[in-house]
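Peer 1: Found this in TrEMBL, in case it helps:
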type	residues	note
SIGNAL	1-20	signal peptide
DOMAIN	17-211	domain 'GH16'
ACT_SITE	Glu97	active site, nucleophile
ACT_SITE	Glu101	active site, proton donor
CARBOHYD	Asn105	N-linked glycosylation site
Amino acid sequence: MRTSLLLLSGLISFVMVASAANFNQDIDVTWGDGRGKILENGNLLTLTLDKFSGSGFQSKNQYLFGKIDMNIKLVPGNSAGTVTTYYLRSEGSTWDEIDFEFLGNLSGDPYIVHTNVYTQGKGDKEQQFYLWFDPTKDFHTYSLLWNPQRIIFSVDGTPIREFKDLETTGVAFPKSQPMRVYSSLWNADDWATRGGLVKTDWSKAPFTAAYRNYKADACVWSSGKSSCSSTSPSQNSWLSQELDITSQEKLKWVQKNYMIYNYCTDTKRFPQGLPKECTAP
């Protein structure tokens, strides 16, 4: 009985640690000269952009596979020219990367959610979406699931994109380089809004994005080793997670109603033929 209680106590402690992520413990604000702030005892993080600089942060840990959740409230009002990023990226010149980018717009016009996947420094796998809500009014959960079989981008638990491991057909897939979580708020008015036609209105500065509830159910990579044990995969169900029938239907709904660009249908961009993953079953 005593052993059972100790095990239960340990499990409860583990769950509490896993769910009560704290920005002070898990995140380093890496640039912005004070424009990135951790507030409310580590429960809130804000990034600010003004005419002189943006700001950004990164996770203290590196991960080799994981499910990363972040609650984000995007820049409100006239956010044209600004870009809020949230992504996983490895180091080096042949990096891997899994990207969420939120492209600001004029007041009343929708944000564009830009997604991409890089492997060995090569991307060109863009898909873009509108959202079915105003992402500036409240916090919403943006999730990146990365396991050895697939990458799933989700918003409030609804999948918007899946990128599968198709290495057997010659399509590269990120699976060997550990990545950190990064986020930034910066000025990109040379391309972000209507291809750079709409510039940032600095009279509306400073621009601020807010973050809460960072959660990394992930395999921490440290000193060349993973924290995940191959002998207890049940503790990390996301390592083999896939889209069930309901999730597949949600994905189809999003892609039918809210997708605004898909590299896999851009025949003008790929006159020699679409990338292999676009024609895979």
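Keep in mind that glycine also has a Cβ here, set from the backbone N, Cα and C atoms.
Heads up, TrEMBL stuff is auto-annotated, nobody curated it.
Note that the structure is a prediction, hence the values are computed from the model and not measured.
Describe the structural context of each listed feature in the structure shown, including burial, neighbouring residues and relevant distances.
Peer 2: Glu97 (active site, nucleophile) is surrounded by 18 other CB atoms, counting those within 10 A of its CB over all protein chains shown.
For Glu101 (active site, proton donor), other Cβ atoms within 10 Å of its Cβ number 19.
Cβ environment of Asn105 (N-linked glycosylation site): Ser79, Ala80, Tyr111, Ile112, Thr193, Val198 lie under 8 Å away, each six or more residues apart in the same chain.
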